[in-house]
């Protein structure tokens with residue numbers, strides 16, 4: 001089958017689909033599938049833009065809202081992962097993946113699905129060592145720290161992916177696997193991106209977590225983006241168990257701009273007789289069920305179970321029996337239901353609302369999947385955790401939880417001791433760099449981290465001390481039995497969707513990233529400091545004038561001709 005691969009989307013769906021149509025007519029082919037490697041920007045309305053980690057000058061509605069509202073429908077089945085410029089409040093509704101619009105599917109924090117028998121997996125976000133060992137604790141309204149940390153990948157998701165034993169055909173990450181540049185034309189890469197030389201020569205460019213997954217999964221194809229350059233590589237893996245060594249074809253593509261290599265069609269062998277619809281992957285769903293109790297919505301460090309004598313179980317790979325149980329849970333039907341529904345009002349160009357506050361809601365797709373497989377909605381779990389932590393004075397966790405979550409972590413080195421992701425001295429002038437390049441201004445509009453607009457659909461579940469057994473914790477039980485409003489019957493409706501129940505939000509996350517807001521330090525194994533109630537009060541008082549606007553240092557770098565072209 002013909003698979004179109006896109007680098008960074010940046011919300012330019014109209015242009016991408018037009019480019020695919022042009023290639024189809026030019027080459028006489030029919031594209032079966034589009035894969036987008038992050039920075040998708042599924043922005044539904046003006047409120048979503050305030051939950052996207054880009055400076056205000058780069059916040060543009062683009063064209064996704066047309067596909068969300070039903071004005072248009074994607075002409076090609078589209079699958080995407082998240083990057084570091086996303087409408088995070090939208091994607092957090094779908095931690096296990098789901099439809100963001102008809103015919104457009106998000107893979108979630110991590111996921112594996114099937115199309116025409118081809119196994120397609122992905123990992124959303126980018127790697128930052130200081131957040132890697134934390135749980136998915138972020139919950140809107142975001143503060144300036146969580147607005148960035150929310151898209152950092154976590155070891156729980158990497159751990160789940162490392163339980164996969166069956167072959168993967170295609171895998172996607174936003175940032176590159178560390179070291180992959182040594183398997184392609186490195187000199188040509190450095191001629192195009194001279195600022196990468198230091199990190200390439202020191203083998204510190206890219207994600208060590210992705211490199212770990214590349215070694216474990218050894219997929220046939222690996223697609224990435226992030227660096228805004230086309231680069232291909234061919235990696236031969238070491239032979240295992242007396243079998244022939246596997247080969248991974250790596251391809252990274254540019255962002256969607258004129259005269260840039262942002263799209264390429266790849267021919268992938270499908271499996272005759274396989275379903276023409278997207279399908280769940282039984283092995284992956286069995287892994288999700290097995291690891292459900294490992295979810296910890298905390299900003300304290302957590303290490304996955306290991307065969308070190310401290311854990312009763314460390315292998316969460318899927319047995320044949322577990323996979324058959326998943327198939328039974330789905331009543332034998334692996335086809336992913338086309339159950340998209342609106343959860344917030346779409347953008348209306350005739351009635352712009354530039355001061356609209358972000359809206360937050362649970363998603364019926366996630367609720368349905370969790371009910372079917374008895375999974376925990378990570379988004380709700382984080383929200384419940386935020387409520388509990390907020391009522392404890394914003395300290396982030398009790399002493400018991402802190403002790404439990406940091407066991408085996410506080411005194412251990414990083415999983416990737418060579419990681420220098422916080423020490424990168426190079427910058428990509430072609431990238432809208434957010435990490436630690438923000439400076440505050442005195443005046444500013446309302447942002448997602450301000451803590452206003454507390455009208456999200458969030459469960460009010462029982463609040464109390466957590467038991468040591470996480471299976472019986474109030475927040476987990478509430479997360480599993482939350483009853484959602486009925487989804488919209490049509491993709492486009494006259495009603496403004498204000499009929500959705502509105503419940504109180506927890507306060508903004510009290511956890512503070514270990515990296516400085518000015519310059520990220522190297523990864524340390526120190527325990528995450530807690531914020532005292534006094535600090536929380538002071539922070540809240542400082543926000544009464546509205547969340548400060550953000551600007552970058554070195555603005556002159558971003559006035560390149562290509563950016564002017566993109567603005568036009």
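Cβ atoms here come from the backbone N, Cα and C positions, even for glycine.
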Record-annotated divalent metal cation 1 site (Swiss-Prot): member among 216, 228, 237, 259 besides 8, 10: 228
Annotated companion of 84, 174, 226 at the divalent metal cation 2 site, Swiss-Prot, chosen from 27, 32, 39, 281: 39
Among 243, 366, 433, 478, residue with annotation phosphothreonine (source: Swiss-Prot): 478
The region 'Lariat recognition loop' (124-154): DSSP-derived helix, strand, coil residue counts: 8 helix, 2 strand, 21 coil
Rounded inter-Cα distance in Å - residue 226 (divalent metal cation 2 binding site), residue 8 (divalent metal cation 1 binding site): 7
Alpha-carbon distance [residue 8 (divalent metal cation 1 binding site); residue 39 (divalent metal cation 2 binding site)] in Å: 5
By Cα-Cα distance, the member of binding-site residues 8, 10, 228 nearest residue 174 (divalent metal cation 2 binding site): 8
Distance from residue 84 (divalent metal cation 2 binding site) back to residue 228 (divalent metal cation 1 binding site), taken between C-alpha atoms, in Å: 13
Rounded mean pLDDT for the residues that make up the region 'Lariat recognition loop' (124-154): 96
